[in-house]
Amino acid sequence: THVTQFIIFGFPSLQNYHILLSCVLLCIYLFTLSGNGIIFFLVIFDRHLHTPMYFFVSNLSFIDMTYTSVTIPKMLAKFLMNLDTISFTACFTQMYIFLSLAATECYLLAIMAFDRYIAICSPLHYQTIMTRQLYIILAMVAWCGGFAAPLAVTILALKLPYCGRNKIYHYYCDNPPLLQLACANTSFNVAVGSFSGAVVILVSFAVIVISYIKIIIAILRISSKGGRKKTFSTCASHFTVVSIFFLPIMFMYIRPTASYSSDVDSLVSMLYSVLTPMMNPIIYSMRNKDIKLAFQKKIGFICTRSRLIAEKNVCD
């Protein structure tokens, strides 16, 4: 019998804690949307933030909002309304969009590390190197490359026969758990998936590591102890979040077999699909004085306008 729909099982060992899980996921989701949404719109509407760094940060915020919206709402629907089924087409669409956004984020984080390398190591030439045309092209390359990367993996997975089992022991449709349900040999799919993942993940991570090594070397040359400590603290926090994103993704998508523990896969996936999008606005933006100033200005403007409207209504 050809499978026409799948059942999202979620977290296999935590089925008795669905209320607690739904509350935690909902809070994380709302925080991720609000934090990244604020940053995204601040960068758009505040002309002081129209710089290459904040342009890339706004792209990252948009990816994180979309990234979590692809997976968490379906999981909340399962926990809160018992809607645990997903159609065959919707499942593979979810998988393709999720993998595309993950690949795009890999490329974008690499570009952001390269941007920071130029800003710190060649500050006098930064404006001439990172022109508007260049950073827009780099962002387009990240988006196009990200959505092209999982095409082969998705098409090969679609061609497999699914003729019996339809329960996905994961909290969204992903390539490894789907391959475990196929009624055929999936070794070629695993090989192609691992190769595609290696190209995207390892190349991006290599660019980030090389950039941060050069940044650290440049930091050690800073004569001011306070400036050296501040710059190193910022770069260390950035690299920590990048590592939390990349290391679990390496485990999930660069491996010799699709068969691993469902609990382990679900936990590892949480690190890069839920935790990192929540942490990105805190690490990259909310600690930044320019973002704080822009936010305070917007809040002040909104409060002043609301007060004037209230006073006008009272007078009328």
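Cβ atoms are placed via backbone N, Cα and C, with glycine included.
Taken from TrEMBL, the feature transmembrane segment covers 19-45, 52-72, 92-114, 134-158, 195-220, 232-254, 266-284. Marked as domain 'G-protein coupled receptors family 1 profile' by TrEMBL: 35-284.
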Ranked first among 134-158, 195-220, 266-284 for CB pairs under 8 angstroms with the transmembrane segment (19-45): 266-284
Please average pLDDT over the domain 'G-protein coupled receptors family 1 profile' (35-284) for the predicted structure. 86
Looking only at residues six or more beyond either end of the transmembrane segment (266-284), which have a C-beta under 8 A from one in the stretch? 10-12, 25, 28, 31-32, 35-36, 38-39, 57, 60-61, 64-65, 67-68, 71-72, 98, 102, 169-172, 174, 237-238, 240-241, 244-246, 248-249, 251-252
Same-chain residues at least 6 beyond the ends of the transmembrane segment (134-158) with CB under 8 Å of its CB atoms are 52, 55-56, 59, 92, 95-96, 99-108, 111, 115, 175, 178-179, 182, 188-189, 192-193, 196, 199-200
Within-chain partners of the transmembrane segment (92-114) [C-beta distance under 8 Å, separation at least 6 from its ends]: 53, 56-57, 59-60, 63-64, 66-67, 70-71, 74, 86, 138-139, 141-143, 145-147, 149-151, 153-154, 157-158, 172-175, 178, 200-201, 203-205, 207-208, 211-212, 238, 242, 245-246, 249, 272-273
